[in-house]
């Protein structure tokens with residue numbers, strides 16, 4: 001399966017490094033918006049087609065591309081989708097646009113998300129990828145979920161300009177996924193950027209409110225779910241196992257350290273969304289073959 | 001006092017009692033308190049009354065605490081009681097979104113929105129500032145935890161928010177870490193660099209809240225935050241009754257009668273009895289560690305639950321340079337400390 005990446009910022013670069021290691025996926029094209037983009041220079045000689053003209057610059061190669069990865073911004077993705085929708089090819093969206101169904105490997109896919117275009121897979125957000133496996137594991141075993149909350153802190157240096165300018169897109173996409181994974185009527189998401197030097201890893205905390213049930217069962221469930229994520233994000237780990245606060249509130253905290261493919265290991269937020277995108281594409285290859 | 005009196009002084013007095021004070025109340029301010037307080041503030045010399053959850057609109061959460069009342073109830077109650085004074089809210093991007101929180105607040109009659117970001121992350125608030133300006137309301141930028149940036153970086157961020165369209169910039173000493181000389185250095189540098197109004201928001205952890213507020217005014221700030229009975233996070237804010245008295249007596253600011261300020265102070269002293277902030281050893285330790293004052297009840301609760309010395313937690317939180325909104329890390333740190341010991 002041949003792939004193209006749109007966007008040569010932090011996420012595009014990290015994703016490209018991962019795709020170049022895969023045997024069942026061939027990264028053949030990358031599109032940026034500036035000829036001077038360091039992202040394009042980095043892949044000179046490593047990726048067949050490089051263009052600074054965005055999606056336009058890929059048009060002549062559309063026939064050769066089986067899957068598009070969009071690593072730009074939510075607004076840009078909405079524009080890109082207008083161009084790509086008619087091609088009938090797979091599009092993996094790493095922006096928080098919510099154009100496609102929210103995808104979290106092994107947890108969320110097109111099921112239960114009616115009305116979403118079948119070829120568009122939305123990778124939600126870094127906070128969504130980190131929290132949804134926990135939210136889903138907890139929701140399967142508590143007796144009733146009234147409210148779910150996911151708060152994340154990430155290193156300032158790992159948040160690119162698109163994230164900074166559109167923090168509301170992040171919040172909405174993360175809340176949408178948390179709601180889908182929990183069945184709660186109300187979901188809340190919080191994002192904090194921390195500029196500490198040296199930069200710190202990504203941390204995500206899930207608060208769940210409802211009728212909780214047996215804590216020991218929840219503890220086992222959460223640990224199993226952590227192991228599943230670790231298969232594609234080795235730096236994913238449990239920081240605080242399920243703790244009950246009040247009679248009806250429990251908390252789990254997760255830490256995400258990155259693989260250091262592009263930004264250093266503190267940027268777990270980058271790693272988890274690009275790793276999830278690769279995993280989603282590989283799952284597609286597995287189904288196709 | 002040795003300050004020079006400038007009789008023409010145009011100082012904006014910004015009342016944070018019903019917002020920062022909500023930290024001290026664990027976000028349990030009731031509509032009755034908001035109504036009664038706003039009725040008194042309406043005939044006082046304050047210019048703005050800020051209302052809401054301690055962390056601002058859209059911040060009610062398990063992480064920092066659920067509000068007793070919804071933003072809508074708090075704001076419509078305040079709006080009804082405030083016929084002369086302007087109604088303001090605090091808004092932290094990352095907690096609050098434009099669509100879900102800012103626009104409804106404006107629809108409920110809010111005159112001014114303060115967009116609060118961590119001191120080095122002002123660009124995350126550009127969209128929120130724009131939305132408020134486009135609605136024709138006042139948009140002010142707040143740099144929280146301002147002790148965590150160098151003077152140079154602080155000035156850089158202030159210039160940035162002026163470019164985003166902020167009509168004023170307010171420095172928050174969220175950890176109560178500054179001494180008057182720190183405030184003088186920062187406010188002077190900012191006033192020299194920007195063309196918009198500059199404000200200061202003190203916390204009293206080191207017992208110098210009023211002194212810091214006055215240092216800011218002397219250095220050229222024209223907006224000053226205060227809170228009745230000092231009700232606020234940590235050791236509270238610059239106490240409004242004291243601040244008003246000094247502004248009238250020493251700075252020649254026309255605040256009208258002081259009686260309404262005393263009534264506001266007494267109302268809070270009565271209704272918030274048991275929650276009034278005090279400068280304690282713990283608040284001094286947290287200020288020295290440079291940790292957000294809003295962490296105090298969370299640190300206290302976890303220290304009690306796990307039988308840990310709060311000072312150990314404060315020092316470790318300080319060493320990790322945590323910012324507002326990372327309250328869930330307290331439990332992680334507590335567990336680390338326990339495994340070590």
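Cβ atoms here come from the backbone N, Cα and C positions, even for glycine.
Residues or ranges marked as active site, acyl-thioester intermediate in TrEMBL: A:126. Taking a C-beta cut-off of under 8 Å and a sequence gap of six or more, residue A:126 (active site, acyl-thioester intermediate) has these contacts in its own chain: A:152, A:154, A:202, A:256, A:268, A:269, A:270, A:272, A:273.
Proximity of residue A:8 (NAD(+) binding site) to non-local residues of its own chain (separation of 6 or more, Cβ distance below 8 Å) is seen for A:30, A:31, A:32, A:33, A:37, A:38, A:39, A:40, A:71, given in sequence order. Under the DSSP three-state reduction, residue A:8 (NAD(+) binding site) is assigned to coil, being neither helix nor strand. Among the features that TrEMBL reports, NAD(+) binding site is placed at A:8, A:9, A:10, A:11, A:158, A:159, A:160, A:161, A:162, A:163, A:164, A:165, A:166, A:269.
The domain 'Semialdehyde dehydrogenase NAD-binding' annotation in TrEMBL covers A:2-119.
Mean pLDDT for the domain 'Semialdehyde dehydrogenase NAD-binding' (A:2-119) in this predicted model: 96. Largest Cα-to-Cα span within the NAD(+)-binding set A:8, A:9, A:10, A:11, A:158, A:159, A:160, A:161, A:162, A:163, A:164, A:165, A:166, A:269: 18 Å. Checking the recorded positions A:126, A:164, A:166 against chain B with a Cβ-Cβ cut-off of under 8 Å leaves A:164, A:166. Helix, strand and coil counts under DSSP for the domain 'Semialdehyde dehydrogenase NAD-binding' (A:2-119) come to 40 helix, 26 strand, 52 coil. Its Cβ taken as reference, residue A:160 (NAD(+) binding site) is surrounded by 17 other Cβ atoms within 10 Å in the chains shown.
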